[in-house]
């Protein structure tokens with residue numbers, strides 16, 4: 001955790017990433033905005049294969065603060081942003097930021113399949129679809145938000161998600177071979193504001209000039225029938241003021257969760273609402289009706305949660321928002337980071353190129369690699385954390401990330417054709433604790449039986 005301004009000793013910062021903008025640039029920009037000196041450690045691509053095995057989960061960027069290493073770019077940005085009031089002033093504002101951040105991840109996942117395409121013609125056809133369909137869909141909605149918020153993506157003011165978006169966009173535009181931001185007035189204004197912000201302007205002027213000739217491969221998003229919903233929405237009204245939680249006002253809010261008739265991304269939210277002890281409408285969409293319904297939903301993805309008629313999107317953003325109401329989101333910035341870090345690693349495992357591979361032999365080979373390499377790598381590290389934390393994944397106590405992990409794992413195990421959790425004692429203990437938690441135990445006993 002960054003050292004407080006009340007302490008005398010200034011912390012030391014070291015960012016490690018490749019010699020490109022990518023996911024490292026938003027962190028460099030935020031540190032520059034904070035006005036702190038940092039070591040900009042750029043790893044040559046030729047050295048990455050040797051270094052990769054020394055980095056948990058084999059991913060960059062990392063940030064070292066006084067020798068302690070932090071992982072997962074979103075978790076890092078959210079943690080740092082709280083130090084300079086760029087993470088929202090309340091639960092509602094934090095949700096708006098988190099939700100936009102989730103849509104950016106969804107765009108990355110939507111573009112990712114072309115990295116695994118060997119056929120150049122197929123890759124060009126896919127890129128054309130990205131340029132003509134996917135980019136306009138996302139950027140139109142982001143631009144509407146930016147125009148309503150003075151160029152910013154949330155809450156009418158600068159936040160870490162603006163730095164994430166504009167810091168990453170240079171790389172994205174190179175990848176998709178098109179200038180996206182300048183085509184949209186609101187986003188263009190946002191780029192101008194971010195680029196001229198204190199510290200960032202000076203950083204842009206002095207940062208190394210890079211030529212993106214190589215980007216690490218990003219696998220296709222793991223999907224069954226659909227992915228997670230990412231969609232723009234007007235500024236959310238504060239839950240505490242608007243949604244009528246029982247301990248705040250007398251009127252109980254109404255909840256309606258919409259997802260498919262299986263567990264997937266919807267189950268963690270169902271479990272969380274059950275843990276809260278609230279009644280909710282479990283709206284399950286038949287898969288055969290999805291094609292018709294999909295056209296009515298921006299970005300065409302599920303789940304979403306309605307609270308008193310107000311709709312919230314992005315499962316992580318929803319869970320984090322709800323968790324703050326019942327103290328399952330961490331008691332301080334350090335605990336929040338630990339939860340966010342694990343959430344990011346879970347998000348990483350929801351990518352699997354096998355779902356985009358048509359050749360059955362190649363798909364089977366991809367699945368085998370996941371079973372023998374990727375799953376053991378992630379579960380070994382998760383299990384070590386769980387064993388140190390009494391079965392929980394962070395901070396030695398139940399948090400929303402435990403409910404997400406164990407709520408989603410049933411679907412993951414079916415998709416990967418392997419029982420993962422029971423092979424690891426720490427993670428298995430966590431499943432037992434989550435499954436027996438108040439409300440969740442009753443939900444599991446009465447929920448509809450589904451294969452996934």
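Note: Cβ is positioned from N, Cα and C throughout, glycine not excepted.
Annotations in TrEMBL come from automatic prediction, not curation.
Here the structure is a predicted model, which means the values were calculated and not measured.
Database features, via TrEMBL:
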| type | residues | note |
| --- | --- | --- |
| DOMAIN | 11-88 | domain 'GST N-terminal' |
| DOMAIN | 90-212 | domain 'GST C-terminal' |
| DOMAIN | 253-330 | domain 'GST N-terminal' |
| DOMAIN | 332-452 | domain 'GST C-terminal' |
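Over the domain 'GST C-terminal' (332-452), the average per-residue pLDDT in this prediction is 92. Counting residues per DSSP class in helix, strand and coil order gives 32 helix, 19 strand, 27 coil for the domain 'GST N-terminal' (253-330).
Counting residue by residue with DSSP, the domain 'GST N-terminal' (11-88) contains 34 helix, 19 strand, 25 coil.
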